[in-house]
Amino acid sequence: MQRTLSKVILNSGKNNLLKSSNLLNSNLLKATTTNIIGIKTINNNNNVNSIIGFKSLNKRYFTSNTPKVEEEDDEIAPDEAIKAEEKIKETERVIGLSEKLSFQTETQKILHIVAESLYTEKEVFIRELISNASDAIEKVRHTQLTNASMIEDASIPFEIKISTDEDNKTLIIQDSGIGMTKDEMIKNLGKIGYSGSSDFIKKLGENPDKASIIGQFGVGFYSCFMVGHTIKIYTKSATPGSKGYLWESDGTGSYSITEAEGVSRGTKIIIHLKPSSYEYSKKSIVENIIKKYSNFVGFPIALNGTTVNTIKPLWTLNKNAISEEEHKEFYQFLSKSYDTPSYRVHFSTDTPLSIRSIFYIPSQHMEKYGMGKMEPGVSLFSRKVLIQQKANGILPEWMRFVRGVVDSEDIPLNVSREHLQDNGLIQRISSVLVKRILKHLNDEAKSDPEKFNVFMTEFGGFFKEGIITDFKWKDEISKLLRFESSNGSTASKTDAVSLEQYVSRMKPEQKNIYFLSVPNRAVGLSSPYYEPFQLKDIEVIFLYNAVDEFVLTNVGHFGDKKIVSVESKEAEEFLATNQDKKTETLSQDEIDKFLSWVSTVASDKVTQAKSTTRSISSPAIIIDHESANFRRMLKMVEPGKQHETPKQVVEFNMNHPIILKLVQQTESNPTIAKLVIDQVVDNAFVSAGLIEDNREMIPRINQLLDSLLTK
């Protein structure tokens, strides 16, 4: 039952979801008008659409190579827009005879797998090729730093160029990296992986889940055969004196290598696209893919002459070198929102794991507006290359409100970078990150309690979800919970108490942390269950949400203090005693006789009648009953089922004036006595929250009023 309830209570407490719809509409309008300003579309004879004057909120990060246009100038010549695009040309020239070679038998099989079935999204071939290009440039950069004389054409800038051609249906990706010699081309492109292709095939046969083992072999380049019918590669090694070569293949089993002139240092890949993949010759589509997967690659990526990746990867920078404005704009880029984050966590470590991360915690969330459950807000990178957007498992589901980036070189990835091979490692990384975020929030709560209390009013539901669904973190999360208590003077959202604060204010003789579930503060302060604690100045936490009692029940203990409902029998350490006001009116025989009479005449609701000294102002009270919140959750689990209120053990204050007078009426006026005892019992049920519809009391109350007035 508890597991079922856990699924239901996560959606409780959302009665006011739509109260801010006007604000939401306003924000959406603001987002639309702020993000896109001054769009002008120009059509030339070739139906080329150019968007001029795009202004982004992230202007600090975005730059443009487009010539400056005066704001009042509404016209721009189509020819000028075309000239702004710099296309990569195939200017190389082959010399000599081609050498035709065959792929290894195993490599042919693997090539078919890669081209046809490995990747779930074809578009990732661009990510793979950019990642390879970045690696190649990094190699030549490192060599140039350590031994510049070993690098050919050291003055060539480190950059990745991409060119689209819709007329010829081609896509070209060129880098100024380390390049390849002829032997390296045969070694790297003629066979797959250094771990042994036969072993690779063997593992594929043993494991039906190709993605689980294929990451052990380097086959990223071959992803371009998913979209291309012919692949041409011009390459020249960075080693001084190296020759240039052309590698060409249609992926059917063989390839050719030919010496070529006019080849620049690095590698140029020309993909002649299949008809089913012509969309990758369109600039807009390729640009979106670059921004999706490779926005933070460490080297410039120019698409048709314009740099695309102009956003700084803040998680790689020194936290002290980043301004507040940069953080704000980076957060808005990640979250696609326009609020200011409440908190941020910039965390890096090299031991025991390599982690570079930055997290932002928003100031508001959309679930409360009825927008549906949010998706994970953290993206996973490896060396600044996107592995998974909205990554599952990096943070637990209850932390889905967090926005950010995690970059780790320790993550072993499959070749397509779409499945993680080592879930155990991901869990270790997740554990480190969750612990760091919770610690940061706890520190913030202590440094600025008022700000944190406002934050928890907005996001407290997510942390309560975490306690219910993620037992591992319940102790850490419980430190962040905030509740109103009997010590507060008002119902202010900033006048909340943590469990740690509660414990620090406990009486020396107090053993437990006490809570009371009530609809509101006024009901709590007037509750007969609170009365004995009020008399002894014992603080009681008030819970107003149905989920809160379930949350504290799951927490169980805070340190060595048990969390107890004041309505339970365990709360008897602070039972009020009315001995001082006690009058010796009733003998024990009279008490026993009265309790026996109650058990008989009220048997439809009372299983046992007992005497108590727990309450002073109320004639009767129910202890250890099924809570009203629990009953509400049962109804959510089984909405069509009738849940009858079970009989209860009712405890009577035998010194209360009503009870003293009622004892006398049991024999002299049994009709009135029956009406009174039924009302006293029902009042106890109401105080316990066990009666939701009080209308059945009305006829009885009318009878009592009539009897009173006819005397």
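Using N, Cα and C of the backbone, Cβ positions are placed for all residues, glycine too.
If you look up Swiss-Prot, you'll see N132, D175, N188, F221, R417 marked as ATP binding site. Counting every protein chain shown, 19 other Cβ atoms lie within 10 Å of the Cβ of F221 (ATP binding site).
The region 'Dimerization' feature in Swiss-Prot is assigned to 303-711.
Annotated transit peptide per Swiss-Prot: 1-62, in sequence order.
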Restricting to the same chain and to sequence separations of six or more, state which residues have a Cβ under 8 Å from that of N132 (ATP binding site).
G220, F221
Might you list, by sequence position, any residue in that chain lying six or more from D175 (ATP binding site) with a Cβ less than 8 Å away from its Cβ?
A133, S134, A136, I137, E159, I160, K161, G266, T267, K268
Per DSSP, D175 (ATP binding site) is which: helix, strand or coil?
strand
Please report the DSSP secondary structure of F221 (ATP binding site), reduced to three states.
helix
At a 10 Å cut-off from the C-beta of N188 (ATP binding site), count the other C-beta atoms across all protein chains.
17
